[in-house]
Amino acid sequence: MLARNNSLVTEFILAGLTDHPEFRQPLFFLFLVIYIVTMVGNLGLITLFGLNSHLHTPMYYFLFNLSFIDLCYSSVFTPKMLMNFVSKKNIISNVGCMTRLFFFLFFVISECYMLTSMAYDRYVAICNPLLYKVTMSHQVCSMLTFAAYIMGLAGATAHTGCMLRLTFCSANIINHYLCDILPLLQLSCTSTYVNEVVVLIVVGTNITVPSCTILISYVFIVTSILHIKSTQGRSKAFSTCSSHVIALSLFFGSAAFMYIKYSSGSMEQGKVSSVFYTNVVPMLNPLIYSLRNKDVKVALRKALIKIQRRNIF
């Protein structure tokens, strides 16, 4: 039962992506296709990396984790989003909302630092190729990955913990298709000052540290590439980084655009722009890394040949 005036909210209503009933069915099929492509693409990459020993390198180790994060990240809210397109009342419990918020933030922040680790990996590969195997040892890769998940856990715990201290009275309609920080803060009937400070600190840290690390890494990378005399060597070095640069641009660019829309006070535009950040980016990542990567394409071709041979015999 939904909360009444002067009572504490135990359930929320997700406003969803659109108020127009005629758009719900087309949007359901659109996001179902996006979700299926995301699942197949990321599961496919995870399987390829697991079965092909020549892909057991630092670069593909980070890419394996990136695919795992995208897989989980997309599964946090997309099934509920699809259900909301076909159900009359988009109700979610307080506990369910906070749980989804926690895992959403955990995977988003972890992906941020995983992309940062990949930038450092590219820096070592291009700027210090002779020391690459020593510098990017299995132990170092494991530590960087562990650090990415720890940062995700810390950020998600801080945000969700502060959200749990808020009281929600009569307003219970979340103007979004998922439980996110800013739409929830608007519903609180108690002071959100602490939450706003935490948002400032956590978001500031999770933007500044990765951005500076990535920027410094690519300054050194570009400088090293420009010092390569042969055109072929320079082209090979650029192609090594191109997929990662595209992934970085999509992730950080769409996130920045989404929060610019939110900060301008336009919740409707904010939640529409967040579709690209939350749904499209996890779908595009496996396509970017598979279509532009020779090793992945070779591994995929071999896997398809094996499947064809099994079907024949």
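Each Cβ is built from the backbone N, Cα and C atoms, and glycine gets one as well.
Feature annotation from Swiss-Prot assigns disulfide bond to Cys97-Cys189. All protein chains considered, the CB of Cys97 (disulfide bond) has 22 other CB atoms within 10 Å.
Here Swiss-Prot flags Asn5 as N-linked glycosylation site.
The topological domain 'Extracellular' annotation in Swiss-Prot covers 1-25 (among others).
Outside the topological domain 'Cytoplasmic' (47-54), and at least 6 residues removed from its termini, the chain residues within Cβ reach (under 8 Å) are 60-61, 63-64, 67, 295-296, 299-300, 302-303. Marked as topological domain 'Cytoplasmic' by Swiss-Prot on the basis of sequence analysis: 47-54 (among others).
The annotation topological domain 'Extracellular' is assigned in Swiss-Prot to 76-99 (among others) on the grounds of sequence analysis. The DSSP breakdown of the topological domain 'Extracellular' (76-99), given as helix, strand and coil counts, is 17 helix, 3 strand, 4 coil.
Per-residue pLDDT, averaged along the topological domain 'Cytoplasmic' (121-139), amounts to 92 for this model. The topological domain 'Cytoplasmic' annotation in Swiss-Prot covers 121-139 (among others), and the record cites sequence analysis as its basis.
Sequence annotations record features per position, and here Swiss-Prot assigns topological domain 'Extracellular' to 161-197 (among others).
What Swiss-Prot records for 218-237 (among others) is topological domain 'Cytoplasmic', and it gives sequence analysis as the kind of evidence. Across the topological domain 'Cytoplasmic' (218-237), DSSP helix (H, G, I), strand (E, B) and coil residues number 16 helix, 0 strand, 4 coil.
Summarising the annotation, Swiss-Prot assigns topological domain 'Extracellular' to 259-270 (among others) and lists sequence analysis as the type of evidence.
What Swiss-Prot records for 292-313 (among others) is topological domain 'Cytoplasmic', and it gives sequence analysis as the kind of evidence.
Summarising the annotation, Swiss-Prot assigns transmembrane segment to 26-46 (among others).
Annotation comment: Swiss-Prot describes 55-75 (among others) as transmembrane segment.
Annotated transmembrane segment per Swiss-Prot: 100-120 (among others), in sequence order, evidence recorded as sequence analysis.
Same-chain residues lying 6+ beyond the ends of the transmembrane segment (140-160) with a Cβ under 8 Å from its Cβ atoms: 58, 61-62, 65, 98, 101-103, 105-114, 116-117, 120-121, 181, 195, 198-199, 202, 205-206. Sequence annotations record features per position, and here Swiss-Prot assigns transmembrane segment to 140-160 (among others) based on sequence analysis.
Annotated transmembrane segment per Swiss-Prot: 198-217 (among others), in sequence order, evidence recorded as sequence analysis.
Taken from Swiss-Prot, the feature transmembrane segment applies to 238-258 (among others), supported by sequence analysis. Here the transmembrane segment (238-258) has long-range neighbours at 66, 111-112, 115, 118-119, 122, 125-126, 211, 214, 218, 221, 225, 270, 273-274, 276-277, 280-281, 284-285, 288-289, 292-293, meaning same-chain residues at least 6 beyond its ends whose C-beta is under 8 angstroms from one of its own.
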What parts of the chain pack near the topological domain 'Cytoplasmic' (218-237), using Cβ distances under 8 Å and only residues at least 6 beyond its ends?
119, 122-123, 126-127, 245
Secondary structure content, the topological domain 'Extracellular' (161-197) (per DSSP, counts of residues):
14 helix, 2 strand, 21 coil
Could you pull out which residues elsewhere in the chain have a CB under 8 Å from any CB of the transmembrane segment (198-217), counting only those six or more residues past its ends?
109, 112-113, 115-116, 119-120, 122-123, 151, 155, 158-159, 162, 181, 248, 252
How about long-range neighbours of the topological domain 'Cytoplasmic' (121-139): same chain, 6 or more residues beyond its ends, C-beta under 8 Å?
58-59, 62, 217-218, 220-221, 224-225, 237, 240-241, 244
For Cys189 (disulfide bond), which residues in the same chain are close in space, meaning a Cβ under 8 Å from its Cβ, but six or more apart along the sequence?
Thr167, Phe168, Cys169, Ser170, Ala171
Near the topological domain 'Extracellular' (76-99), which residues from the same chain, at least 6 beyond its ends, have a CB less than 8 A from one of its CBs?
2, 9-17, 24-25, 27-28, 31-32, 34-35, 38, 107, 160, 163-164, 168, 174, 177-179, 184, 278-279
